[in-house]
Amino acid sequence: MKVLHAPSQKNTTLKKSIGNLTFVIILALFAFILVFSLIKMNRPLDSLPSEEVLSTPSKTHDFLAISNLLYFSIRTMFRMIIGMIWSFLFSFVFGVLAVRYKTARRIILPMVNFLESVPLLGFLTFTTAWLLGLFPGNVLGAECVAIFAIFTGQAWNIMLTLYQIMEVIPSDLSNVTDQFKYNPWEKFWRLEFVYAIPGLLWNVIISQTAAWFALVASEQASVALPKDTTLFLPGIGSYIQIALDRADFKACLWAVLALLLNVIILNFLVFQPLVRATYYFKYETDVESTIPPRSIIYRLLKEATLTHYCSHIFSLFSQFWIYQLPKIWYFLKLDRLYKRIAKLRNFFKTLWYIGLGVLIIVCSIKLYHFLPHQDFGMIPRLTLYTTLRVTLAMIVAGLIFTPLAIWVASDNRRLNIVQPIGQILGSIPSNVYTPFIVIFISMGFDKLEWWILPLIMVGCQWYYFFNVIAGYLAIPDDIRDVTKIFKLSKWHWWVKYLIPSILPYIITAIINAAGAAWNADIAAESIQWGKKSINVTGLGQYISVNDGIKDKSALGTLAMCFVVGLCIAFVWQPLYRVAKEKFHY
């Protein structure tokens, strides 16, 4: 007969000691990254290497030294973390406003859908000078450019996901909060925030793909110092860009290896513990039958005494934040002030639309005189070519990665193995594949411009993969049990149950993938490998070739925005309405 022994006091003490040590090491690591990066950021702008300096072979060799990658990784990791924090803050503020207020929703959703598909170069063209001007002559300005690029790569995606999840919260849960007479503040933190966290974390993981893509373009800034030049921030993104410009295949491989190590470390220390900690926030009735994802760090921290102390402090703070803060709101009688302002809602709405109309007219007049009129004739043709490529790539990526994601998510063990691999592969920006594309083209495989489709797919396919996984995992277990009872055929299982269940997530995936696809298209239509340029006729090629020429960059960006505007009006918003009204629990 097998005897079960309780864990000894010695083993318990050892686990607590290891957990405390892990807690201290992780805290010290992030504190070091923060302090070290802040010290290095506060330097004169001319201390950064310029394009002219790096044009000499010896300086390029020094910049691409493998020993620099550790320092570059620390600087890049800091930018990624700060960009992620700002993205979260933006998402919660504007996502909640869009859910709560119909007037705000009419403004925020079209704006975010529009910004989602604006190419990164479009943002950098018009914001770099302004951000550098915030800290004249200081590296902090260039750091703001890189962090803003990371922000634009993931903020819209995270906000749309938060909005979509909060819109489809099961009605029975909302009814329970109403019965307990929660005020809107309590309802958000005790229901909506908790319900949204699992799907939101998955989407943050997806967004790292766009963030790494943004780093390659943003860790360099065009400035006047005193003449126009390009400065490079120390980081993996600038390392990759210099390696591509110098056609250094070995340096590209080292850069990709460093990038993958950064992704693995971030996943191991941050995302895996968070996904494990929030796993049981999922809405389901049978939690005992599920297999939670594994996380060594989570298991160690759970045993740590320091974690329990922090948890107690956080619990006290959350009690104040959720229950006491609204009392201050009512004590100061701010609710009455809000009600008075709400009565003027129609006035402010009218004022907003008048102001928006005047702004559009003024900007249209100025843009008409600013844009290059001689290029107007070619833009419709270029836009058509690029739109067809982006649409085809998105359709192919969706047809491949939607079933693949469902197959992965349908088995917990399979998911725990494949998900980290997908995150690592998804973090590789599409322009890193340039050396391999050039090798194939040099071997004579240059027919039908075949490389454009896979390069665009690399930029957008992971949005389908992770969003569909998040949607599948969000399906309540009792709904799955019902489908088993009815013994649906394969066809009916897909059409009557699965697709309607995950449709809101598929719509979010399409919107996110569209923005990433436009950015990837710019890199795909104009490949640069050393002195060799491979260009394909299209809007992406037009924007890439004219990077730095503001009037032409503006024209190309506006053409993309026009296509996006049509999609918002005739595709995304109708799909949102259908998903909200017909496909939720």
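Every residue gets a Cβ built from N, Cα and C, even glycine.
Database features (TrEMBL):
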TRANSMEM  21-39  transmembrane segment
TRANSMEM  77-99  transmembrane segment
TRANSMEM  111-133  transmembrane segment
TRANSMEM  139-163  transmembrane segment
TRANSMEM  251-271  transmembrane segment
TRANSMEM  351-371  transmembrane segment
DOMAIN    384-576  domain 'ABC transmembrane type-1'
TRANSMEM  391-409  transmembrane segment
TRANSMEM  421-445  transmembrane segment
TRANSMEM  451-475  transmembrane segment
TRANSMEM  495-518  transmembrane segment
TRANSMEM  554-572  transmembrane segment
**OP:** Count, for each of 77-99, 111-133, 351-371, 554-572, the Cβ pairs lying under 8 Å from the transmembrane segment (139-163), and report the range with the highest count.
**Re:** 77-99
Original post:
Taking a Cβ cut-off under 8 Å, which residues six or more beyond the ends of the transmembrane segment (351-371) line up next to it in the same chain?
Top reply: 107, 551, 554-555, 558
Original post:
Counting only residues 6+ away from its ends, which parts of the chain sit with a Cβ under 8 Å from the transmembrane segment (495-518)?
Top reply: 113, 116-119, 156-157, 160-161, 164, 167-168, 199, 203, 206, 209-210, 213, 390, 393-394, 397-398, 402, 406, 456, 459-461, 463-464, 467-468, 470-472, 474-475, 479, 483, 488, 540, 560, 564, 567, 572, 575-576, 578-580, 582-584
Subject >> Contacting positions for the transmembrane segment (21-39) when only residues 6+ beyond its ends and CB under 8 Å are counted >> reply: 74-75, 77-78, 81, 269, 297, 300-301, 304, 306-307
**OP:** Six or more residues out from either end of the transmembrane segment (77-99), which same-chain residues have a Cβ under 8 Å from its Cβ atoms?
**Re:** 30, 33-34, 37, 105, 108-109, 112, 143, 146-151, 153-155, 158-163, 166-167, 188, 192, 200, 204, 207-208, 211, 215, 235, 262, 265-266
Subject >> Positions whose Cβ lies under 8 angstroms from the transmembrane segment (251-271), at least six residues beyond its ends >> reply: 26, 29, 64, 66, 69, 72-73, 76-77, 80, 201, 204-205, 208, 212, 236, 239-240, 242-244, 296-297, 420, 423-424, 427-428, 432, 435
